[in-house]
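Notes follow the structure.
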């Protein structure tokens, strides 16, 4: 029984982190209809920020999270202006943008690899290897902190989206971009802000990821499929959906990992993606399936 | 009779494709209902989109109340006083009628003013009042069109442009839509509509504009346009009986 | 106040309309300069004679490499260019082909040059089955599913002991003298490339190809016009897998070893896509031109920048520039502007 509880808690904690990782992806898709294949690579970027802050100056990764988030958000603005702003009126928009983000993912990976080599890295603050012992439960501190911080950030995001004027504009643009524009929303500016927030979220997730998982530039391809399955299951564009799906899949993966084998744990996500695309492409909370 | 809106010989197209509009011209008088007719591909929707800023104008000018609108964004043009309701109606299907109306007042900074106007609209349109908390996506075509048109009134615009408001609607409902437009014009809102159903459009309008091959071929009082034998032959399906 | 019709009567308006429509329609020169690709083929077939005069092994390797890419890119073009479904998972079929022939070679000594078509069929069969599942969704969802497919395949291959798992399989090297060692593969790839180009041309000009083009523009309308879109796109997917698999089969033997971290990486898929983008998606000459460009870029980058990470950076960079400024590729952009030289118009 305690075994099950333990796996459950671990699954939920990791699920929280994965939810944060996927939330930016979902948000950007909702507002701009862009599937950002470069998202995991940008998470890894954020991870490197916290990693080096820790390595060089001993700064705690959770403390440097806001800095990583801001740096990545600024990079997000830059990327939007350089690459995506001009695509808004293009004919094969969804195809073009996916390929662009794919190319961006390669650029980021190449850059990170060249700058920092392909060595596996992990940030190691004290709590990363420490744990809480409650009764016979063994709860790793690092994962727990990361999970809590993630859910807090997502909570703040949800409040922002639902109760601020900017959040209102973002939601309207997500639901019907043309309508929002015709009713006075500067959709270009909103897209830029949403994109920056999305990438900022990636940066924040990166800080947490830096001590929860080990990372290196090429790891992004493993994560892209994992994040995609979470976002697709939850419904593209729905942050709530991403959270639910992340928690659900992480818990399942945790059980699979313990009872079947570690490799199959990752497979859970990929298989889930396939199954979802087959039976309910719009996911739990999403809109009608994508038409080309 | 000063012109509220002047469109002088504009050239416009989609992306870097061919010019759909080439020499389109329009004069819009305050408080009247203007109807644009023409065959498919003539550029009627393109003209409205060019005016409201959704398309780049390559040549020519759009002048509204003496000010040049070329190059402005749709949200900026909205703030100047021109509303556009596209063919797809631009509603938020997951929002309720009330929330859609609220969104209609996005550019108003005074929330109380906006809420007052929403209440006025709901008063005037019983169809909407009954469904105030219903999701817009679940309403019928006629109800959606009513909502789309009513929503424009929240910001009390000078001009409301409608792209094929009768699309997909039963004839009886279509007449109701035209009655709403008449009501709007009587309150001082200038209406500019594109209508595929040329006969009905002209019958319910004050001024008619014929667009073909991207150019304005004919402009005149709606009755004159309806009665012209050439127009009848080209666009109204033959000689008018009686 | 009323502005009169510029033409006096209705018939002159109708005439003006007819002229206007004619101007909008594009004129095409329907003749083809077939002598050009045939001449190129002839030159390539005769090229190895240079070996008699000196060591041109590196040149032969480059041509061989380009040809193999041309085969794969042209194959991918069937689903990515003709049908409009961007697959980022085609490395899977490359691996299936490579491993199929590789295992036969390792166990029974049968050369891939003989088994390549079979390997292609094996890949096509897998493609057909996978296609039945993944082609149910369109656009970005399909692209994502193709990446997931690649990830799944990678894990499976890494853990399948029969084919060597993550360590892969070593394949026997041929015992031909250095001067002629590359020749069998050279000819295999050049002929394969010729075959693939010819096959894609025939596909494009068939009813099947027309159907693919229709569904790439608007699938719903194509379906309501009576085209069996599901069958068409799954078949296109399987055909694309066939060519990629065939190329993989011979490549495996040429490389003399099979490993998941060579065959099942995203870079392989990325290159296929990039070749078609740079060359011109949906055209016949496009993938070939793209293959030449990519190999050229590769050579330049490796010579000047060396390490593999910068290679990835550069590839991504080239892709971004290509997408942003030449979304129709070399052939496509030239064709649009009406400046495509006749010799390059292979459509």
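Using the three backbone atoms N, Cα and C, a Cβ is placed for every residue, glycine included.
According to TrEMBL, the feature transmembrane segment maps to A:7-31 (among others).
Sequence-distant contacts of the transmembrane segment (A:61-84) (same chain, at least 6 residues past either end, Cβ-Cβ under 8 Å): 32, 34, 42, 45-47, 49-51, 53-54, 97, 100, 104, 123, 125, 145-146, 149, 191-192, 195-204, 206-208, 210-211. According to TrEMBL, the feature transmembrane segment maps to A:61-84 (among others).
Positions annotated as transmembrane segment by TrEMBL: A:96-116 (among others).
Taken from TrEMBL, the feature transmembrane segment applies to A:144-163 (among others). If you look at the transmembrane segment (A:144-163), the same-chain residues 6 or more away from its ends with a CB under 8 A from one of its CBs are 9, 12-17, 19-20, 23, 27, 62, 65, 127, 132, 170-171, 197, 201, 204-205, 208, 211-212, 239-240, 243.
Here TrEMBL flags A:183-216 (among others) as transmembrane segment.
Note on the transmembrane segment (A:223-256): residues 7-8, 10-12, 14-16, 18-19, 21-23, 25-27, 29-31, 35, 37, 39-40, 43, 105, 151, 154, 157-158, 161, 174, 264-270, 272-273, 276-277, 281-287, 290 of its chain, located 6 or more positions outside it, place their CB under 8 angstroms from a CB of the stretch. As annotated by TrEMBL, transmembrane segment applies to A:223-256 (among others).
Residues or ranges marked as transmembrane segment by TrEMBL: A:262-279 (among others).
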Cβ under 8 Å to the transmembrane segment (A:7-31), counting only same-chain residues 6 or more beyond its ends: which ones? 39-40, 43, 137, 139-140, 143-144, 146-148, 150-151, 153-154, 157, 170, 173-174, 190-191, 194-195, 197-202, 204-205, 208-209, 212, 223, 226-228, 230-231, 234, 236-239, 241-243, 245-255, 258
